[in-house]
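Pulled from TrEMBL, these are the features on record:
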- 21-43: transmembrane segment (TRANSMEM)
- 120-139: transmembrane segment (TRANSMEM)
- 146-163: transmembrane segment (TRANSMEM)
- 169-187: transmembrane segment (TRANSMEM)
- 274-299: transmembrane segment (TRANSMEM)
- 311-335: transmembrane segment (TRANSMEM)
- 355-372: transmembrane segment (TRANSMEM)
- 417-442: transmembrane segment (TRANSMEM)
- 462-492: transmembrane segment (TRANSMEM)
- 504-528: transmembrane segment (TRANSMEM)
Amino acid sequence: MSDPENKVAPRVNHRDRKYTDVPCAILFLAAIGLFFGIGFAFVGSKNVDLFETASDFGINTFEYKMSDSLKEDADACCAELTDDEKSWSFMVCNGRRRLDAGGFPSDGGMLDVFAIKPGIPATLIAAAVFISIGWIALLRQFATPIVFLTEAIKVACIFFIAIKTDDSSAMPVFFIIGIVYACLVIWKRDKLKFAGRIISHSCMALQKNPSMFGGLLGIKALYCLQAFCFVTFVSQSAEVMEVAKVYEIGDEYTAAMNTCVLQNASWVGSARSILMFCWLWSIMFYTQARLGVISFVIGSWHFHPNDMPSVLSAVLTVFTKSLGTVSFSALLLAIIERIKKSLKFKWYHHCGPQFCITVPFACLAMVLLWCLETCLKMLTKFTLILHIFSGDNFFGSAKKCWGLLTRHFENAFVTEVTSRAVLTIGAYVFSIALAFSAWAWIDSEFGWKSLSTASDEGGSLIRFFGWFLMMLFNLWYPTLGIFLMIVIDMILTQWGVGGQEYWVAPFAAVFVGIIAMLFFTYMAGVVLDTIDVCFVCWAVDKDNNVDLSESEFNALVMELPDVKKAPNLGPNTGLNSTLLSVDQMQMQQPSAPPVVQGQPVLLQNKV
């Protein structure tokens, strides 16, 4: 009987590949061009410049240096105001911004922190890059010890927060959390050991292909460069202004009056939204490009180690012939993130009697979104791996992917939860630590006490835990969080809510933590992608009746609950198949030496 159409050959097609999904490649290149076009438009359209001046009658100020055209608009607007109204239009008519006691603009926001103190995000994000690289380098050599050390660092961080907190009522809470987590680590130590074994196996594949890291670091360098441009462009967009005359309704202390205000130019908001979506697509692209290079190298090493392409060839293939498929898979992931952002309920949706309806719907939406996100992301990832192996377009690879997964995994779902959780939560804790560092640094620079819970003012502890929960949520969903933080910051500064000493530092700290989380998860993804490629190689071997009885990874796979352990008796196999589970071994001489862990079995037996 002939093989099924969706059977995957045990090789990586690296010689006669064709360009795939070309329209999406063109669209992605256009999006990259749009990203830099909008970004440089922000830089070129910047029409105000801030510089600190000496105190004026005891009031510290930043002075605006306006462009000539903006100054003309400001003078024209101020000429229509009374003297009292001009005094309220201090920023526009006098060209200055008032500062609070710490030297921060009283109408400023998160982006002003980066404009005034660029060294804070630059230093901490650079630290995230180096720490993430060192973390993965240590995992390559000491997988299991580093797994347990990562868990120990998490417990130590919780205890450190408990010791350093100024509030006596918060200290026991953190100590209890730390003790509970330590007990959980002890209880799940066998799971952690298994995760260490899985990670160790994947790191062995990485160690056998050290040159691959050159290509991956090159991709990460592009990632870092675009991340730097993104932060720069967004910061510069805050200084693209126009003058507007508005009518402000008074209160019990002030009368209603006309004022002239500086606000973002009308085109900045929509342009910034397009910029952020292009950035989101780029984040997903670099993640998928990393997976593509790993699949190319590890798959070749596994199936035909004597006929391996160079790492440069793998990178060039991903960025040329496979660009369309890689960018299409990244687009799907970006759309999933965008849908997730749109469907999430906001806190104000639950305010009022409708909460009895909105809360259940919010819980149901969370479950459905999680299922949708998990399934589509997993299928997209494995589809890309099979595309790299076969050279087919996205939909052709998706058909083969579905067939392969349904033959060997229950419900076509495969993942190793423990190792993924260990690396993801490790990245999470490191990012939280850097976010707190940024928070303390910003407070120190501007003389604020937003991080302290020992304030004499009421509600300081509640405020701290509110910011802390916001940090936990946004760092866990970094691609979603980066959009939320920028949008909320723009709304708060536009509405002029004030109280910058309470909210600007945590907002800026969370933004730094999100960028750090993206770097940490990118590097952790190197190991996780290798594990996924090993899963696919195992399934392809099983599909092609390769003898896996001597495979260490096969023994690990058999311990997973969602793996079909029985022999595959599909239309391409028979009762005499050599592919049996570990506890049911039968031998059959294949026509060609099968491959296990990068070496033919016959050669392994002679070693």
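A Cβ is built for glycine as well, from the same backbone N, Cα and C atoms used for every other residue.
Caution: TrEMBL annotation is automatic and unverified by curators.
Long-range neighbours of the transmembrane segment (146-163) within the same chain, counting only residues 6 or more positions beyond its ends whose Cβ lies under 8 Å from a Cβ of the stretch, are 135, 138-139, 170-175, 177-178, 181-182, 185, 192, 195-196, 199, 422, 425-426, 429, 432-433, 436.
Spatially, the transmembrane segment (120-139) is not adjacent to the transmembrane segment (462-492); fewer than three Cβ-Cβ distances between them are under 8 Å for residues at least 6 apart in sequence. Sequence-remote contacts of a segment are chain residues at least 6 beyond its ends whose Cβ falls under 8 Å from one of its Cβ atoms, and for the transmembrane segment (504-528) they are 104, 108-110, 112-114, 120-121, 124-125, 128-129, 131-133, 135-136, 139, 199, 202-203, 206, 216, 220, 223-224, 227, 231, 283, 286-287, 290-291, 294, 419-420, 423-424, 426-428, 430-432, 434-436, 438-439, 442-443, 446, 448, 450-451, 467, 470-471, 474-475, 478-479, 481-482, 485-486, 488-489.
Outside the transmembrane segment (462-492), and at least 6 residues removed from its termini, the chain residues within Cβ reach (under 8 Å) are 109-111, 167, 170, 234, 264, 269, 272, 276, 280, 283-284, 337, 340-341, 344, 428, 431-432, 435, 450-453, 502-503, 506-507, 509-511, 513-515, 517-518, 521. Residues 148, 151, 154-155, 158-159, 161-163, 453, 461, 464-465 of the same chain, all 6+ positions outside the transmembrane segment (169-187), place their C-beta atoms under 8 angstroms from a C-beta of that stretch. Pairs of Cβ atoms less than 8 Å apart link the transmembrane segment (311-335) most often to 274-299, out of 21-43, 274-299, 417-442. If one looks beyond the transmembrane segment (274-299) by at least 6 residues along the same chain, the residues whose Cβ comes under 8 Å of a Cβ in the stretch are 12, 14, 28, 31-32, 34-35, 38-39, 205, 209, 212, 215-216, 219-220, 222-223, 226, 230, 233-234, 237, 308-309, 311, 314-315, 317-319, 322, 326-327, 329-331, 333-334, 337-338, 381, 384-385, 388-389, 479, 482-483, 486, 518, 522, 525-526, 529-530, 532-534, 536-537.
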